[in-house]
């Protein structure tokens, strides 16, 4: 907030910083915003100026067998990979947060390495691993590798939630006769649920948008929506791709709003925990 006691230099810095932040934000979102109007263009090319308003490309998207198959495959792969990432990521986060053992930092680095290792390396390695097993073009290999890519996000969000967790609640449940599994289900899980769900949403978005690994592991029958978009850009640059991209943008915005809501809920639950 602008203080009435600011000097002229401080006022210039105040406004300059905000203008700079606004320009950076515009630079980041402008490429995304450019594609949205093109999806409603009546013309057959992805160019400006727009020739008119039309929903033709959305009709082509939902009326195309290839696009619908790709969308169905994405809906199959992403939730399955998310469930696996959520389960294994949550268990790993709990073990790494509560446990204290030699090499803990190394284990943490290994489990979050899919976030920093180039995806093309993961794709090549996955193909070389699954191809000799006859699983090169299968949903199983695709789901497993997508889950591996999502696990680090779950570990990070759940670990952050566990940093402020009050373990006295678990001890109190145990003193009342609750088994470790019951204490986890009735005490721990409800309190870390915002972190688990946030990580799951990140894992879902990662899987739903992944194209590089899919190029290595998916055949025509396993093509997901991002791969179909990639193929369309290479073979037939149609405004239908803009319609698909706009739907993905809308989906991403919904995910971000959900994550923001979960963050607020997590903070509220944390402040309500007894000391």
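Heads up, the Cβ atoms here are built off N, Cα and C, so glycines get one too.
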Per TrEMBL record, range annotated transmembrane segment [choices 75-94, 215-234]: 75-94
Cβ contacts under 8 Å made by the transmembrane segment (142-166) with residues that lie 6+ beyond its boundaries: 77-78, 80-82, 84-86, 88-90, 92-94, 96-98, 108, 111-115, 119, 122-123, 126, 188, 191-192, 194-196, 198-200, 202-204, 206-207, 210, 213-214, 217-218, 222, 224, 266, 270, 273-275
Interface check, the transmembrane segment (75-94) with the transmembrane segment (187-208), three or more C-beta pairs under 8 A: yes
Contact set, same chain, for the transmembrane segment (12-40): CB under 8 Å, 6 or more residues outside the stretch: 2, 6, 46, 48, 50, 53-55, 57-58, 239, 242-243, 245-246, 249
Non-local residues, at least 6 beyond the ends, that sit with Cβ under 8 Å of the transmembrane segment (106-130): 92, 96, 136, 138, 141, 145, 148-149, 151-153, 155-156, 210, 212-213, 215-217
